[in-house]
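Asks: Below you'll find the structure I mean.
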Amino acid sequence: MSGNADALKKAAAEAAMQYIEDGTVVGVGTGSTVNFFIDALAERKHDIEGAVSSSEASTERLKSHGIEVFELNSVVEVPIYVDGADEITEHGQMVKGGGGALTREKIIAAVARKFVCVADESKMVGRLGQFPVPVEVIPMARSYVAREIVKLGGDPVWRQGFTTDNGNWILDVHNFDIMEPMKLEAELNNIVGVVTNGLFAQRGADIALIAREDGVQTLKVSG
């Protein structure tokens, strides 16, 4: 089963290569599907200027392939950002951050002109919320943020033993009834001590490449 899942992830990741423009800096996300994208990108490393990366793990993989990794502050434009999702709807709204890289992912997504999500069909959902919503918090605010999240109807669980690349902690929030993703995303971000959360609703995917048994489906959300 895992071999088949990997084949679907690889198919979705390789389909994203059609959107890569020569001579540009490519935004690169984090996760198992993105790892396949990085491997495919290596075959065109001489065509691109380099990449900006959303995690130390992706940076390490990019560099191992000889792809130059730039600091985001030194880059003027990121034409495309390729990343996976833990859940995605037909509207391109997502839950992301199961791997803990949500803040840097959200920053690069905000900068990028186009967001291409690569995923297998198991990630497509009618409504977000089955997968816990990760919330990155400043460590000293963990208990306070957790209490505020309970008031919003969520059940926060501290991801003990995990520290983000930014030196912060993660609360995985279960049992959210997500009827209005953009509203909940804003409410979570308004809690003092929250860095950001894994709802990508205000800035979702422009294109979703969903790998199924019979091929890769292209879902154009906007643009």
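Placement of Cβ uses the backbone N, Cα and C atoms for every residue, glycine included.
For reference, Swiss-Prot lists these features for the protein:
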- THR30, GLY31, SER32, THR33, ASP83, GLY84, ALA85, ASP86, LYS96, GLY97, GLY98, GLY99, LYS123: substrate binding site (BINDING)
- GLU105: active site, proton acceptor (ACT_SITE)
Asks: Might you list, by sequence position, any residue in that chain lying six or more from the residue listed as 'active site, proton acceptor' with a Cβ less than 8 Å away from its Cβ?
Replies: GLY29, THR30, SER54, SER55, ASP83, LYS96, GLY97, PHE200
Asks: With the cut-off set at 10 Å between Cβ atoms, which of these binding-site residues ends up with the most neighbours? Options: LYS96, LYS123.
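Replies: The residue with the most neighbouring Cβ atoms within 10 Å is LYS96.
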Asks: According to DSSP, which kind of secondary structure is LYS96 (substrate binding site) found in, if we only use helix, strand and coil?
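Replies: DSSP call for LYS96 (substrate binding site): coil, neither helix nor strand.
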Asks: With Cβ-Cβ distance below 8 Å and at least 6 positions apart along the chain, what are the contacts of GLY98 (substrate binding site)? List them in sequence order.
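Replies: The list for GLY98 (substrate binding site) reads GLY31, ASP86, PHE131, PRO134, GLY198, given in order along the sequence.
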Asks: What's the number of neighbouring CB atoms sitting within 10 A of the CB on SER32 (substrate binding site)?
Replies: 15
Asks: Across all chains shown, how many C-beta atoms besides its own are within 10 angstroms of the C-beta of ASP83 (substrate binding site)?
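Replies: The answer is 30 other Cβ atoms.
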Asks: Could you check the binding-site residues THR30, ALA85 and say which one's CB has the fewest neighbouring CB atoms inside 10 Å?
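Replies: Selected from the binding-site residues THR30, ALA85 on minimum Cβ neighbours within 10 Å: THR30.
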